[in-house]
Amino acid sequence: MQGLRTLFLLLTACLASRADPASTLPDIQVQENFSESRIYGKWYNLAVGSTCPWLSRIKDKMSVSTLVLQEGATETEISMTSTRWRRGVCEEITGAYQKTDIDGKFLYHKSKWNITLESYVVHTNYDEYAIFLTKKSSHHHGLTITAKLYGREPQLRDSLLQEFKDVALNVGISENSIIFMPDRGECVPGDREVEPTSIARARRAVLPQESEGSGTEPLITGTLKKEDSCQLNYSEGPCLGMQERYYYNGASMACETFQYGGCLGNGNNFISEKDCLQTCRTIAACNLPIVQGPCRAFIKLWAFDAAQGKCIQFHYGGCKGNGNKFYSEKECKEYCGVPGDGYEELIRS
């Protein structure tokens, strides 16, 4: 389960494509006696199929990703965190999905496009695999449907792969639109893939830029250093993609999310909160209160407790924190300085 957020990015792309979507879809039945609590935890997204023709444009770039499902901030939500490689960078996406009166059916609404996605858990044994179907309806293109296969481990039995294929075919997804993705390993948000210099140079020399408006063009940063861009307001850019990115808000001294269109924009644009904070925060963050935030991810991080004059560990909920948040004790001590314990005061501003 790469999650409804990632499904949404795929399905809404159909709004801009002239496709022949499935005119009718069979009624989707959820897993019998569905247990919400048993679907929580970590999953690997292993395969995808869709009636959306946009999938064929990116199939060679797709790989196995991870998804963590858990209780949401309210009783009516499910929290999702998806981590994947994208364009050589490890990207993390978070979101919240709405429960319905049907156990095993969830909704995700995107106000920008006025679209509501319906997602169904159609087959699962909870301990090994799960198959999701997600459908979208638009006035211009009718219905589209996407199938996703998830596993508790990066590999599944051949019989389960065939079961997924059968489910996808039965809802009108063509065989050449079913993709079993390669496993490139797990990643940490903000990490970049290591690429030999010769290959990187060759790619820059021979690969054309993608067409304007594709939603995948590089940022325009001019001559600014990345840290100099931290004082800029975020820029969505003119393209119509919907990539969740982070920007540094100097007023709140926190990294916050925004929807990046995929091209142009400016340098105050980061794949992960970690990358944003480590680039932009100032030493003033050490005097901020320690904020867990309203989400319930329970991530163990470090923060500087000004009252005690030392770095302490705390549980970060995963959203709406501030800059007083460090990813190791060493980073916290080096940044904020801890008198009397042998660490020098940090002079970076």
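Heads up, the Cβ atoms here are built off N, Cα and C, so glycines get one too.
Database features, via Swiss-Prot:
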SIGNAL    1-19  signal peptide
CARBOHYD  Asn33  N-linked glycosylation site
DISULFID  Cys90-Cys187  disulfide bond
CARBOHYD  Asn114  N-linked glycosylation site
CARBOHYD  Ser214  O-linked glycosylation site
DOMAIN    230-280  domain 'BPTI/Kunitz inhibitor 1'
DISULFID  Cys230-Cys280  disulfide bond
CARBOHYD  Asn233  N-linked glycosylation site
DISULFID  Cys239-Cys263  disulfide bond
SITE      Leu240, Gly241  site 'Inhibitory (P1) (chymotrypsin, elastase)'
DISULFID  Cys255-Cys276  disulfide bond
DOMAIN    286-336  domain 'BPTI/Kunitz inhibitor 2'
DISULFID  Cys286-Cys336  disulfide bond
DISULFID  Cys295-Cys319  disulfide bond
SITE      Arg296, Ala297  site 'Inhibitory (P1) (trypsin)'
DISULFID  Cys311-Cys332  disulfide bond
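Structure with Swiss-Prot features highlighted.
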residue : record                                          : DSSP (3 states)
Asn33   : N-linked glycosylation site                     : coil
Cys90   : disulfide bond                                  : strand
Cys187  : disulfide bond                                  : coil
Gly241  : site 'Inhibitory (P1) (chymotrypsin, elastase)' : coil
Cys255  : disulfide bond                                  : strand
Cys263  : disulfide bond                                  : coil
Cys276  : disulfide bond                                  : helix
Cys286  : disulfide bond                                  : helix
Cys332  : disulfide bond                                  : helix
Listed recorded positions are Asn33, Cys187, Leu240, Cys276, Arg296, Cys336; which of them have CA atoms within 10 A of the CA of Cys230 (disulfide bond)?
-> Cys276
Using DSSP, would you call Cys311 (disulfide bond) helix, strand or coil?
-> strand
Restricting the comparison to the recorded positions Leu240, Cys263, Ala297, which residue's C-alpha is spatially nearest the C-alpha of Cys255 (disulfide bond)?
-> Ala297
What is the Cβ neighbour count of Cys276 (disulfide bond) at a 10 Å cut-off, with all protein chains included?
-> 25
Have a look around Asn33 (N-linked glycosylation site) and count the other CB atoms within 10 A of its CB, chains all included.
-> 7
For Cys286 (disulfide bond), the close disulfide-bonded residues (Cα within 10 Å) drawn from Cys263, Cys280, Cys332 turn out to be Cys332
Compare the C-alpha of Cys187 (disulfide bond) with the C-alpha of each of the recorded positions Cys239, Arg296, Ala297, Cys332, Cys336, and give the closest one.
-> Ala297
Using Cβ-Cβ distances, find the residues under 8 Å from Cys332 (disulfide bond) that belong to the same chain and are at least 6 apart in sequence, listing them in sequence order.
-> Trp302, Ala303, Phe304, Cys311, Phe326
Set of same-chain residues at least 6 away whose C-beta sits under 8 angstroms from Cys295 (disulfide bond) | Ala73, Ser79, Thr94, Gly317, Gly318, Cys319, Lys320
For the disulfide-bonded residues listed here, Cys90, Cys230, Cys263, Cys280, Cys319, which shows the highest count of neighbouring CB atoms within 10 A?
-> Cys280
Leu240 (site 'Inhibitory (P1) (chymotrypsin, elastase)') has its Cβ surrounded, within 10 angstroms, by a count of other Cβ atoms equal to 18
Can you check how the pLDDT averages out over the domain 'BPTI/Kunitz inhibitor 1' (230-280)?
-> 88
Subset of recorded positions (Asn33, Cys90, Cys263, Cys280, Cys336) lying within 10 A of Gly241 (site 'Inhibitory (P1) (chymotrypsin, elastase)'), CA to CA, in sequence order | Cys263
Closest of Cys90, Cys263, Ala297 to Cys276 (disulfide bond), Cα positions, recorded positions only = Cys90
